[in-house]
Amino acid sequence: MTDGDYDYLIKLLALGDSGVGKTTFLYRYTDNKFNPKFITTVGIDFREKRVVYDTQGADGASGKAFKVHLQLWDTAGQERFRSLTTAFFRDAMGFLLMFDLTSQQSFLNVRNWMSQLQANAYCENPDIVLIGNKADLPDQREVNERQARELAEKYGIPYFETSAATGQNVEKSVETLLDLIMKRMEKCVEKTQVPDTVNGGNSGKLDGEKPAEKKCAC
């Protein structure tokens with residue numbers, strides 16, 4: 001895909017405490033590489049990737065394929081950058097909420113991040129995937145899978161255990177979030193059937209005629 005050659009622009013935001021591995025996770029997803037020497041993110045950074053999203057018909061058959069430009073925003077986890085980070089919440093269409101499987105404190109802080117999300121996101125129930133990162137370090141693990149799954153079930157969101165080092169579930173977790181977002185937009189379009197004018201967007205249904213950045217009420 002060339003610049004501008006896409007149907008949808010989707011912005012995702014990676015959230016979580018400093019040191020949980022957000023930067024290495026996103027780098028693994030966009031470049032399929034692992035760099036353990038990244039320095040702590042200061043403020044906001046982002047990476048990009050183009051993907052093809054295949055829709056499914058009611059009968060389960062493959063539908064139309066859409067070209068999606070993903071912007072993956074990487075946020076600083078430190079408290080001093082919190083006001084800057086929350087300013088980006090309303091622009092994001094989905095969230096990768098991450099904690100470190102080797103840090104119980106980062107897991108406990110997921111609740112604080114959820115509170116900030118619910119207060120600052122574009123709606124009260126945005127699309128979120130909970131991610132327990134550093135699954136490649138089982139000997140250092142402090143958070144068991146049952147704890148994490150129970151928390152994800154409480155919030156009604158998917159949960160994945162990932163590793164930026166090995167690539168485990170990195171792509172799958174982002175694909176799951178994208179699928180949630182695209183299905184939300186499709187339902188929104190079906191309900192409204194009104195022309196979308198955002199960024200010269202689509203004609204009220206997922207027809208992929210022009211690049212569009214869409215949001216939908218929760």
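These residue numbers are counts, starting from 1, taken along the chain as shown.
Keep in mind that glycine also has a Cβ here, set from the backbone N, Cα and C atoms.
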For the motif 'Effector region' entry in Swiss-Prot, name the matching range from 38-46, 65-73, 173-181.
38-46
Please state whether DSSP places Asp74 (GTP binding site) in a helix, a strand or coil.
strand
Across all protein chains in the structure, which of the binding-site residues Gly16, Gly19 has the highest Cβ count within 10 Å?
Gly16
As a whole number of Å, the Cα atom of Lys22 (GTP binding site) is distant from the Cα atom of Cys188 (disulfide bond) by 30
